[in-house]
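**Student:** From Swiss-Prot, for reference:
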DISULFID  CYS10-CYS34  disulfide bond
DISULFID  CYS13-CYS21  disulfide bond
DISULFID  CYS27-CYS55  disulfide bond
DISULFID  CYS59-CYS70  disulfide bond
DISULFID  CYS71-CYS76  disulfide bond
MOD_RES   GLN1  pyrrolidone carboxylic acid
Amino acid sequence: QAIGPPYGLCFQCNQKTSSDCTEARRCSPFHEKCYTLYQPDENWMKSSGLSHFGCGKQCPTAGPEGRVTCCLTPRCN
């Protein structure tokens, strides 16, 4: 199973819908960038907000109160 271009290997889960974010999985072809999208909770506290881990062709854009980290390995997400 090839890892690396054109395939990435990233953590892919949403803390809101899944508590198991422990295993990186192969991304779709040419979705090589791993990202973590941080979103604040209902009280707008970033420290206790939820995270979405995924992979894409490019990094997603965070909303006004969120932030994104992005890289080429699952170590950053």
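Placement of Cβ uses the backbone N, Cα and C atoms for every residue, glycine included.
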**Student:** Distance between CYS70 (disulfide bond) and CYS21 (disulfide bond) at the Cα atoms, whole Å?
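**Tutor:** For CYS70 (disulfide bond) versus CYS21 (disulfide bond), the Cα atoms are 17 Å apart.
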**Student:** For the disulfide-bonded residues listed here (CYS10, CYS59), tell me which residue's CB has the most neighbouring CB atoms inside 10 Å.
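**Tutor:** The residue with the densest Cβ neighbourhood is CYS10.
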**Student:** What is the interatomic distance between the Cα atoms of CYS27 (disulfide bond) and CYS13 (disulfide bond), given in whole Å?
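**Tutor:** Checking the Cα atoms of CYS27 (disulfide bond) and CYS13 (disulfide bond) gives a distance of 12 Å.
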**Student:** Please identify, among the disulfide-bonded residues CYS10, CYS13, CYS21, CYS34, CYS55, the one with the smallest Cα-Cα distance to CYS71 (disulfide bond).
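**Tutor:** Answer for the nearest of the disulfide-bonded residues: CYS34.
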**Student:** In terms of DSSP three-state secondary structure, what is the assignment for CYS76 (disulfide bond)?
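**Tutor:** The three-state answer is helix.
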**Student:** Between the Cα atoms of CYS55 (disulfide bond) and CYS13 (disulfide bond), what distance do you get, rounded to the nearest Å?
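**Tutor:** Their Cα atoms are separated by 10 Å.
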**Student:** Of all the disulfide-bonded residues given, CYS21, CYS27, CYS34, CYS76, which residue's CB has the most CB neighbours within 10 A?
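**Tutor:** Result for the most crowded candidate: CYS34.
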**Student:** Hey, of the disulfide-bonded residues listed (CYS13, CYS55, CYS71), which one tops the CB count within 10 A?
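**Tutor:** The residue with the most neighbouring Cβ atoms within 10 Å is CYS55.
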**Student:** Using Cα-Cα distances with a 10 Å cut-off, which of the disulfide-bonded residues CYS10, CYS13, CYS21, CYS34, CYS59 are near CYS76 (disulfide bond)?
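**Tutor:** Near CYS76 (disulfide bond) by Cα: CYS10, CYS34.
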**Student:** Enter the number of other CB atoms within 10 angstroms of the CB of CYS70 (disulfide bond).
**Tutor:** 16
**Student:** Which one is it: of the disulfide-bonded residues CYS10, CYS34, CYS59, whose Cα lies the shortest distance from the Cα of CYS21 (disulfide bond)?
**Tutor:** CYS10
**Student:** Specify the secondary structure state of CYS10 (disulfide bond) as given by DSSP, simplified to three classes.
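**Tutor:** For CYS10 (disulfide bond) - judged by DSSP and reduced to three states - the answer is strand.
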